[in-house]
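A.B. asks: Pasting a structure here, questions to come.
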Amino acid sequence: MQLLRLLADGRFHSGEELGERLGISRSAVWKQLQQLQTDSEVCLHRVRGKGYRLERPLSLLSLETLKERLPGLRLWVEDRVDSTNALALRYLTCHEPPFVVLAEAQTAGRGRRGRHWISPYGENLYFSQVIRIERSATQLQALSLVVGVAVLRTLKRLGVAGVGLKWPNDLLVSGKKIAGILLELSGDPADVCQVVIGIGINANMRMGTGIDQDWTSMYLEAGRQVERNELAVALAVELERVLSVHREQGFAAFHEEWEASHVWQGREVRLISGVHEIGGTVLGVSVDGGLRLAVEGGEQVYSGGELSLRLQHDS
Ligand code: BTN
């Protein structure tokens with residue numbers, strides 16, 4: 001959306017200037033501004049004699065910048081999509097992985113366990129990378145945990161302090177969620193399959209309506225606006241690095257780092273699966289990414305996408 005790009009700097013722009021730059025009349029500018037507010041939920045200020053400006057600057061994605069800084073990686077930058085994971089799965093019918101899909105907003109962002117991932121326009125990172133895996137159980141082993149390590153390193157590198165992992169693949173700061181990972185599989189895991197690695201990082205979000213869990217963002221933690229292209233590049237580079245080590249050495253190469261970053265290591269927890277619940281103490285993670293719990297009767301390892309973990313004495 002060209003008009004939004006002109007306004008993204010957060011400065012005042014007169015209707016006349018915007019019209020000139022877009023080659024349209026002032027009244028057409030006004031109509032587009034109305035549309036913009038409904039479509040992208042951005043907050044516009046209008047001051048007589050000065051013009052229009054966004055309530056605060058937006059860091060929008062730039063395909064040119066991303067292509068330049070990630071040479072060799074095929075990528076798409078979309079404006080508004082249902083879900084970058086869903087679009088990546090659709091692209092698989094006509095494009096060969098690896099590739100990446102990014103978007104400014106998602107209207108039906110997918111979270112784990114059927115939850116909705118709130119995805120406001122231009123605020124956070126909505127990133128889906130598709131990889132192809134050929135007859136290799138080890139490449140799928142603990143893959144989502146390894147992706148968690150890539151996100152963890154990226155957040156730390158960009159100045160987020162105190163970030164940790166929560167099994168299986170949540171990223172938290174002081175108990176509040178800052179990023180989430182959703183892997184979706186297409187094809188046959190025993191033969192050739194494609195994995196969509198969906199990553200959502202709360203980057204510049206300050207207010208989140210409709211989020212049903214404690215959350216934070218890079219902006220709230222580090223106190224400054226995140227340049228989202230820089231974040232996307234750092235994430236793509238780190239993801240490539242960890243995926244290549246994972247291909248060669250499996251999860252063993254990340255085991256120690258993962259457990260050292262596990263926020264609930266050694267804690268008493270409740271593991272929930274639908275209506276079933278089991279209490280135990282977190283011992284760590286197994287070689288294939290399962291959760292090792294000390295429960296009555298000894299040690300048990302749990303895995304599965306529908307599981308969720310809570311602290312035992314959490315209210
Ligand atoms: C979770 O519930 O923690 C996982 C959230 C994953 C969200 C990301 S945003 C990019 C990608 N597209 C989606 O629809 N979901 C993932």
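Don't overthink the numbers, they just go from 1 along the chain as shown.
Cβ atoms are placed via backbone N, Cα and C, with glycine included.
Annotation source TrEMBL lists DNA-binding region at 15-34. Positions annotated as domain 'BPL/LPL catalytic' by TrEMBL: 67-247. What TrEMBL records for S83, T84, N85, Q106, R110, G111, R112, K177 is biotin binding site.
I'd like these features described in context: how deep, what's nearby, how far apart.
C.D. replies: Panel annotation: around the DNA-binding region (15-34), residues 2-3, 6-7, 44, 51-52 of the same chain, lying at least six beyond its termini, place a Cβ under 8 Å from a Cβ of the stretch.
DSSP assigns Q106 (biotin binding site) to a strand segment in the three-state reduction. Here the Cβ of Q106 (biotin binding site) has 26 other Cβ atoms within 10 Å, regardless of which shown protein chain they belong to.
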A.B. asks: Which residue counts does DSSP give the DNA-binding region (15-34) for helix, strand and coil?
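C.D. replies: Tallying H, G and I as helix, E and B as strand, the rest coil: 17 helix, 0 strand, 3 coil.
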A.B. asks: How many other Cβ atoms are found within 10 Å of the Cβ atom of R110 (biotin binding site), counting all protein chains shown?
C.D. replies: 21
A.B. asks: For the domain 'BPL/LPL catalytic' (67-247), what is the mean per-residue pLDDT, to the nearest integer?
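C.D. replies: Per the prediction, mean pLDDT sits at 94 for the domain 'BPL/LPL catalytic' (67-247).
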A.B. asks: If the criterion is a C-beta within less than 6 angstroms of any ligand 1 atom, which of the binding-site residues S83, T84, N85, K177 pass it? List them in sequence order.
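C.D. replies: Result: S83, T84, N85.
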